[in-house]
Amino acid sequence: MEVKFSSSFLPKYHQLMDVHSFECEKKNPQTKIKAHSFFSKFHPLKKLILPSKQKVMTLNKQPSSKKRIPQGDAKQSSLSTFFKSIDDFICTFIDLPLHPSINPELVLSGNFAPVDELPPTVCEVVEGPLPSCLDGAYIRNGPNPQFIPRGPYHLFDGDGMLHMIKISQGKATFCSRYVKTYKYTVERKMGYPVFPSVFSSFNGLGASMARMWLCVSRVLTGQFNPMANGFGLANTSLALIGGRLFALGESDLPYAIKVPSNGDIITLGRHNFFSDEPIMSMSAHPKIDPNTGEAFALRYHVIPPFLTLFRINSNGKKQPDVPIFSMKNTSLIHDFALTKNYVIFPDTQIVMDLMEITRGRPPVRVDRAKVPRLAIIPRYAEDENELRWIEAPGFNMMHCFNAWEEDDGNKIVMVATNISSVEQALERLDLAELRLEKITICVKSNMFERHPLSTEVLDMGGINPAYVGKKNRYAYVGIVAPSMKLVGVVKVDLSLSKADSPCYNTVASRLYGQSCSGSEAFFVAREPDNPAAEEDDGYLVAYVHDENTQQSMFLVMDAKSPTLEIVSAVKLPGRVPTGFHGLFVKESDINKL
Ligand SMILES: [Fe+2]
């Protein structure tokens, strides 16, 4: 057995390859796996170039030379090989040196390294019993590249993987599955990545032009069809809309997910909410009104209208589009706010500009000359006639935790994280410095005010979901370390803020411990059907991983406790990498999927 590759930074892939190498050897002792191609021999990232799991498995099943290959397939196969060689050539000889945000050795280090899928596996509850209100499933989405990148790779580029703990009567099962997107499926079949990325593919003029040509060539020759099938990763968040569960990423439509009784995760497919209009994408943070069950969402485009607002009714049927023609360019709008009467969305300095590609740069850039704005539009508006823009200097919103109306609707309050160093947001995400702020807007006078709520860098988290769009008191927000990992969670009392001074309102906190980092904490009410229950009567649930012991845990914290005391803990049978957003879905909703 001869395996000519090495990796110095991803122990998981060493383990993975060791297992598969062993399997290959067992089945066919004569098998020789040579990962180094002509290009990879000279590749600056040669330590990263590993044969994929699928490729290794394929080597065990070499087709007989007598086996007939359909001519069309053979042609596609030759084309695929040719295109792959071009791709390798670009990575090896044309790419500019990789800056930290697109250097896979850095981006995928530590607990950002991907894991393999894990089928449903029974877990050990090591502390606790698990509270009965947690009967259901906590699912966390995040990027988990199917293949080790051959060239530039950005944190946002990874294929969506769902990590789910399903709980029933105190027993827990854990499962990790990819969202089987069109991109995932095509690349799984090919055995290597073929879809370009807006964040990492445009690395210098030569590489940008070459990758553009390669992408167009692959589409024209039928290697894949993003116009018909999308190109999204579904790697950002999850949402329960109209009784269906979705994995979302803002470059594509959501993918519907099913959770069978054995605790597995099944991708049902791309879903357009029975839209009467063509729809290609949807933002990853829809806002769901807990009273009406309606979902509000946005989608942005590179051609006018640059932004579209739409609503999905409680039956899961999309309502007519509300195009926002007063958006003058494409702004990356990751999140927005919903109140009783309004939708409020930002127009930030992070814009999409396709001309940047002709300069050899990614199409996403920061427009420092632009003054950020907020739009206020009635939630049931049929067009933008009643939309009002308010200038919001210095406010480049990332996540909105909640918003509500005061003074009979004349004042809007938003609680959101702001990117303090927007210049760093794209190339040095770790220096973006997200801070929690309370925003007040006077609807009549267009007054806009910002009030800081924390000195720490905070982001990711949420509120009691029953309070979406209503005045609430508590937000649970992740403490972001310079490594971009969430090293703890704080409970912020929003009622303590004062307009005349920065007021830091943390009333409870928990650090996960040295070498530990966690996922976004999600609030689950102890008595969700009790209208008299206190807002913070419930639990925060999160995954936490210890990089020293390589053990991941599921933690249940008492949201009322000043230390966010851990009341239950489950030892997980697989590692949960650092990722994005999570969702708890109660058992009765899981059973109806
Ligand atoms: Fe997000």
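These residue numbers are counts, starting from 1, taken along the chain as shown.
Cβ atoms here come from the backbone N, Cα and C positions, even for glycine.
Annotation source TrEMBL lists Fe cation binding site at His285, His334, His399, His581.
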Across all protein chains in the structure, which of the binding-site residues His285, His334, His581 has the highest Cβ count within 10 Å?
His581
Looking at Cβ-Cβ distances, which residues of the chain lie under 8 angstroms from His399 (Fe cation binding site) while being 6 or more apart from it?
His285, His334, Asp335, Ala416, Thr417, Asp459, Met460
Would you list the other residues of this chain near Fe cation - those whose C-beta lies within 8 angstroms of the C-beta centroid of His285, His334, His399, His581 - in sequence order?
Thr236, Ser237, Ala284, Asp335, Met398, Cys400, Phe580
